[in-house]
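Residues or ranges marked as region 'Disordered' by TrEMBL: 1-22. According to TrEMBL, the compositional bias 'Basic and acidic residues' annotation covers 9-22. Taken from TrEMBL, the feature transmembrane segment applies to 44-65, 71-96, 116-136, 148-175, 182-202, 214-235, 256-278, 298-316, 336-360, 366-387, 407-431, 443-465.
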Amino acid sequence: MATSTPDAVAHHDSGGGDRAGRIELHGIDRIPDDERHGRARELFAVWAAPNTAFLSIVIGASPVLLGLNLWQALIAIVIGNLFSVFMGAVAVTGPVSGVPSQVTMRAMFGVRGNRVNMAITGWFVCIAYLAINWAAASVTAFSFVGQLGVTVTIAVQAMVIVVIAVVTLAISVYGHATIVKLYSPLVVVLAVVFAVFAYFVLTQGQWASGTSTLHGLEFWAAMTASIGIVASAPLSYNNTSDFARYLPRTTSPVAVATWTALGAMVPSLILSPLGALAAASVDMSDPEAGLESFLPPWFIPVFQIAVIVGTIANNATTAYSSGLTLQSIGVRLPRYLTVLLDGVIATALTFYALLVSGFLESVNNMMQLIIALTGPVIAIYLADIVLRRNRYDGVELSDESPSSPFWYTNGINWAGVVAMVSGAAATLLFVNAAIFTGPGATAIGGVDVSLPAGMLTAAAVYVVAMRRTATPSLVK
């Protein structure tokens with residue numbers, strides 16, 4: 001028989017407390033008010049450390065590789081990073097409800113419908129990013145190990161991947177308090193290393209190079225695709241309330257949104273332009289080799305270690321959220337076990353990413369197509385926040401029984417489902433990616449307007465559908 005609050009039973013062990021160096025016991029259950037702590041500004045380091053990473057540089061190189069010149073690439077990077085505002089806005093539901101994003105989205109898709117939503121737009125996206133980021137760190141680690149005089153055989157490569165995965169998952173298993181405590185000094189250390197890296201790139205980069213030969217529709221096709229690639233990173237974070245849910249209920253929503261958005265935006269606005277400058281100056285088909293060509297021999301190992309550590313920081317937060325996502329799908333295991341299970345799956349995919357296809361090509365393809373999922377879902381999330389005026393009851397959201405106010409029709413909120421499908425369809429209609437071009441994009445000369453098309457369609461359909469149904473959970 002279903003209980004009124006199964007999450008609390010299945011996903012929380014008695015003992016409580018959120019302390020650094022101690023395995024977090026909470027899963028997707030609501031954080032009680034007496035366990036809330038911290039300040040909104042802590043969220044800056046939580047998101048800045050993961051984004052002070054190699055992937056931000058690689059993403060910055062993509063616009064130039066698509067044919068834009070340096071200055072056009074910088075414009076695309078700035079516009080794409082403005083979407084960090086959306087990931088900041090999503091975080092405001094955390095302190096109000098005390099539950100992670102994966103549970104909050106039951107209000108949008110229903111108790112059962114959200115399990116399917118989280119399997120596709122949450123769990124799959126987390127696993128994909130874990131694999132891509134570990135692939136990036138591993139490539140760098142292979143080079144670092146080689147410089148130590150070790151012959152990098154397949155066995156050595158496997159060991160390197162496993163070590164990186166183990167360190168990452170250890171941080172994720174310890175959880176929220178450890179991440180908050182660790183990332184504050186870590187972001188400072190990473191910032192110092194990347195500041196030195198920036199000096200070498202800025203002083204050696206060819207500012208006048210990379211002249212674009214694209215005009216008309218070809219230019220706009222490259223520009224919109226570039227914006228989509230950059231924006232796909234912040235739009236993948238529909239889980240930002242995972243780290244805001246421990247904050248006191250009275251924490252300012254504006255502060256939560258601002259510090260979260262800045263944490264993601266500031267590192268990217270610094271590192272991605274460096275990637276663009278590097279791509280305009282040297283061959284970046286091999287990102288690691290291209291970037292290291294700017295550096296003196298003594299600094300290369302330092303840079304490589306920073307790349308590895310930054311990527312571990314990125315994946316630790318991703319693995320943390322993936323564990324919560326797996327619980328929200330219905331896997332009745334403690335959070336630390338769901339984290340480890342996801343880690344095993346992502347490690348296997350990392351081997352595939354490294355041995356089967358080109359790294360940069362994989363990044364570009366995934367970044368462009370992943371918007372078909374992440375853009376619409378974050379648009380629906382934001383629309384729901386506006387409709388409800390950010391009023392969410394964590395106890396009600398944790399109720400998975402048919403008596404839940406978010407049970408809707410047989411556990412499914414069809415307004416959210418139809419909005420999601422409509423948004424994804426609109427995205428695919430106008431996407432222009434290397435492995436797929438929608439008929440709408442073809443009709444307008446390859447210009448990729450999938451991002452606004454998908455998000456606006458999803459939000460509009462959701463708002464209209466929710467207002468027409470006037471469900472009790474909305475008008476309460």
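Cβ coordinates are placed from backbone N, Cα and C, and glycine is handled just like the others.
Counting Cβ pairs under 8 Å that are 6 or more residues apart, the transmembrane segment (366-387) and the transmembrane segment (182-202) reach fewer than 3 and are not in contact.
Looking at 71-96, 116-136, 214-235, 298-316, 407-431, the range that has the most CB pairs within less than 8 A of the transmembrane segment (336-360) turns out to be 116-136.
Looking at which of 44-65, 182-202, 407-431 has the most CB pairs under 8 Å to the transmembrane segment (214-235), the answer is the stretch 44-65. Segment contact holds for the transmembrane segment (148-175) and the transmembrane segment (298-316), given three or more CB pairs below 8 angstroms at sequence separation of 6 or more. As a quick check, the transmembrane segment (116-136) and the transmembrane segment (298-316) clear the bar of 3 or more Cβ pairs under 8 A, pairs 6 or more apart, so the two touch. Contact count against the transmembrane segment (71-96) (Cβ pairs under 8 Å) is highest for 256-278, out of 44-65, 182-202, 256-278. Between the transmembrane segment (182-202) and the stretches 44-65, 256-278, 298-316, Cβ pairs under 8 Å are most numerous for 298-316. Packing against the transmembrane segment (44-65) from elsewhere in the chain are residues 72-73, 76-77, 132-133, 136-137, 140, 179-180, 183-184, 186-187, 190-191, 194, 210, 222-223, 226, 229-230, 233, 237, 240, 243, 259-260, 262-264, 266-268, 271-276, 278-280, 284-285, 287, 290-291, 307, 310-311, 313-318, 360, 363-364, 367: each is 6 or more residues past its ends and has a CB under 8 Å from a CB in it.
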